[in-house]
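First comes the structure, then the notes that go with it.
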Amino acid sequence: MYYKLVLSHYSKTSTLINITLIKHLINILRERMIQEIKNFIYKYYIEPAEKGTGYNIVQEITYGIILALALYLFYKALRKLNINIDEKFAIPGIVFTVLIALMRALVDCGYIERSFLTITPGIVFLIGGFFILTILTTGLVFKEKYYKASAVIGLILLLYFLFVFLQHITHLEAILYVGILVGIFYYLVKFLDKTLKLNIIQSKIDDYVVIGQLIDASATTIGIGVYGYWEQHPIPRFLMETFGVYAFIPFKLLIILLALYILNKEVEDENIKNIIKLCIMALGLAPGLRDLFRTVMGV
């Protein structure tokens, strides 16, 4: 009997020890997992922003997913308000894209304090969120004239920062260099599209896409080739290191024209087609203008 009691006590004690040990191991694993997650976030998201080392593949994929999700939800809200994604919608879209680019450049020159909300992607979330709120609010209040009200709101902010920008100009000729490249390649595309009857450029929004992406490619090329800047994004950086800086413009142009060709041929819904196109435009116009503004300010 005594032996059974001792054995029972030993068994209970052993069970308690095992449970305590398991809990301890779980806590260790949980703490280690949390620390690994923190290290991952710091390594791939925070550290590159703090040190200005450029973007990495993990960031590109993450921000791409966030952009796609935000775009989908925004599109659904627009359709509920019966707002069509057309040339009118593009007007405030362009204004706010320029605003993001100019503010980001003013962060680089030190006028705006550097923080998560004033650098990419934080500034895109901030101004992009304000743009979405502006469009939805003016859509409710002004109905079909929403785009005028939205553009005016964006212009008020833009004019203030533009005044600041004008006080920091050091390389005004950079605008001419970029403008010449954009003009040459844009009219070359229009000429070939018409002469060869490719029918790739079908609307003003298609023009905006080509011009926006050409501004990005041209500003990058001039910034690196003439003024000694470097490319932050890994894929363009690899291409320029492999094929040369000036090969980036025709390469990017081919990709954009192929994207437009596929969209115009395969996507029937005009609203879906146009919101994708405007997104492509903004992805070129925003970084392109930022690079150009930086170059002009000598930052």
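Placed from the backbone N, Cα and C atoms, the Cβ positions cover glycine too.
Annotated features, as they stand in Swiss-Prot:
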- 54-74: transmembrane segment (TRANSMEM)
- 89-109: transmembrane segment (TRANSMEM)
- 122-142: transmembrane segment (TRANSMEM)
- 149-169: transmembrane segment (TRANSMEM)
- 172-192: transmembrane segment (TRANSMEM)
- 208-228: transmembrane segment (TRANSMEM)
- 243-263: transmembrane segment (TRANSMEM)
Margin query: I need to check the long-range neighbours of the transmembrane segment (149-169): which residues 6 or more away from its ends have a CB within less than 8 Å of a CB in the stretch?
Written below: 91-92, 95-96, 98-99, 102-103, 105-106, 109, 111, 131, 134-135, 138, 141-142, 293, 296-297
Note to self: Using Cβ atoms and a strict cutoff of less than 8 Å, what residues sit near the transmembrane segment (172-192) while being 6 or more residues removed from its termini?
What the structure shows: 198, 201, 210-211, 214-215, 218-219, 221-223, 226-227, 249-250, 253, 257, 292, 295-296
Notebook entry, point to check: Same chain, outside the transmembrane segment (89-109) by at least 6, Cβ under 8 Å from its Cβ: which residues?
Noted result: 83, 118-120, 123-124, 127-128, 130-131, 134-135, 147, 150-151, 153-155, 157-158, 161-162, 164-165, 168, 204-205, 208, 212, 274, 278, 281-282, 285-290, 293-294, 297, 299
